[in-house]
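*Asks:* What TrEMBL records for this protein is below:
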DOMAIN    52-266  domain 'Radical SAM core'
BINDING   66, 70, 73  [4Fe-4S] cluster binding site
BINDING   164, 183  S-adenosyl-L-methionine binding site
Ligand code: SAM
Ligand code: SF4
Ligand code: FES
């Protein structure tokens, strides 16, 4: 083991606040003994702060219309080849009811940025879903502060808005017409409004460095997030980045494990993207710091069209299939399914 890696790992094990250099050292863990030691520490911190419960958050991808042009995403407005769909409000609520019946404590409403769903419309959908006794997470992109407030008032518990990359130049290049400052302003509003806030970044974007990834984790620590989605870049042929290589799975595992050390109390999903790059991807992520899975609840006939990247898993399955598949996966790892909403892991403030 290189001395700088060992020193940073030791500081992490002692619970010290990691510097940018420490984080870079951990992200650079070499294959073999260094990676093994990093994963072992991350798994023990996960066990201590999150226990053995794996929370399932059922995701309803209710619209693939999007007004944005993110250079990596197959839903971008410019992708004319995509068959677009919108679920009607009653179908969204029906899908959520199916999720509640399957035992999911959280329903995630995700879509492209689609203003067809007005603030009041989404508020009404949230109110209906809250009657099912589940937590509601929204993941619908950048909207006005008033809309975020209206949805919080309607009962939404959490909001997931990934910062995508902490490198402002890279952000500007990948998001024509969007601004990094605006993204952070939305995250600030969500915090002020009392949401449990999720953010996160893509790993392996063209031109991204280990220092950029360290800055991502430092930003997540500054934002004091309750959840962080950390997934590999997967190229989509109908996008400007279609010819670029996918993000590395090994690097993704190192980022997830290091995140568990930098933001120990955040929920960290084993993402669908790692499951797409490898059949054992989600299992390995769960053994390297992750504690959440986000099964698909979208009605099967729409799944293939929510193509943010190609070869996404579970497009031919139904909600019940994913539920059973994941129960088996979690059991095989010696873990158990989470009960209840699986709210924040952060310790309660001392009175
Ligand atoms: N439109 C909303 C937004 O962007 O916040 C929510 C839905 S968007 C499809 C959810 C996430 O998909 C984004 O935050 C982005 O990180 C991820 N994503 C999109 N295209 C991707 C790709 N090609 N590879 C990996 N992740 C991707
Ligand atoms: Fe739209 Fe979100 Fe995809 Fe960007 S990442 S194009 S906002 S769906
Ligand atoms: Fe969908 Fe395994 S999670 S089939």
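Even glycines carry a Cβ here, placed using N, Cα and C.
Whatever TrEMBL says is automated annotation, not expert-curated.
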*Asks:* Taking the Cβ of residue 183 (S-adenosyl-L-methionine binding site) as centre, how many other Cβ atoms lie within 10 Å?
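*Replies:* Taking all protein chains shown, residue 183 (S-adenosyl-L-methionine binding site) has 21 Cβ neighbours within 10 Å.
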*Asks:* Taking ligand 2 as the reference and 6 angstroms as the Cβ limit (strictly under), which binding-site residues among 66, 70, 73, 164 are close?
*Replies:* 66, 70, 73
*Asks:* Roughly how many angstrom lie between the C-alpha atoms of residue 183 (S-adenosyl-L-methionine binding site) and residue 70 ([4Fe-4S] cluster binding site)?
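*Replies:* Rounded to a whole number, the Cα-Cα distance is 13 Å.
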*Asks:* Any idea what DSSP makes of residue 66 ([4Fe-4S] cluster binding site), helix, strand or coil?
*Replies:* coil
*Asks:* Does DSSP put residue 183 (S-adenosyl-L-methionine binding site) in a helix, in a strand, or in coil?
*Replies:* helix
*Asks:* Would you kindly give the Cα-Cα distance separating residue 164 (S-adenosyl-L-methionine binding site) and residue 73 ([4Fe-4S] cluster binding site), rounded to the nearest Å?
*Replies:* 12
*Asks:* Which number gives the other C-beta atoms within 10 angstroms of the C-beta of residue 164 (S-adenosyl-L-methionine binding site), all protein chains shown included?
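*Replies:* Within a 10 Å radius of the Cβ of residue 164 (S-adenosyl-L-methionine binding site) lie 22 other Cβ atoms.
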*Asks:* Three-state secondary structure of residue 73 ([4Fe-4S] cluster binding site) from DSSP?
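*Replies:* The three-state answer is coil.
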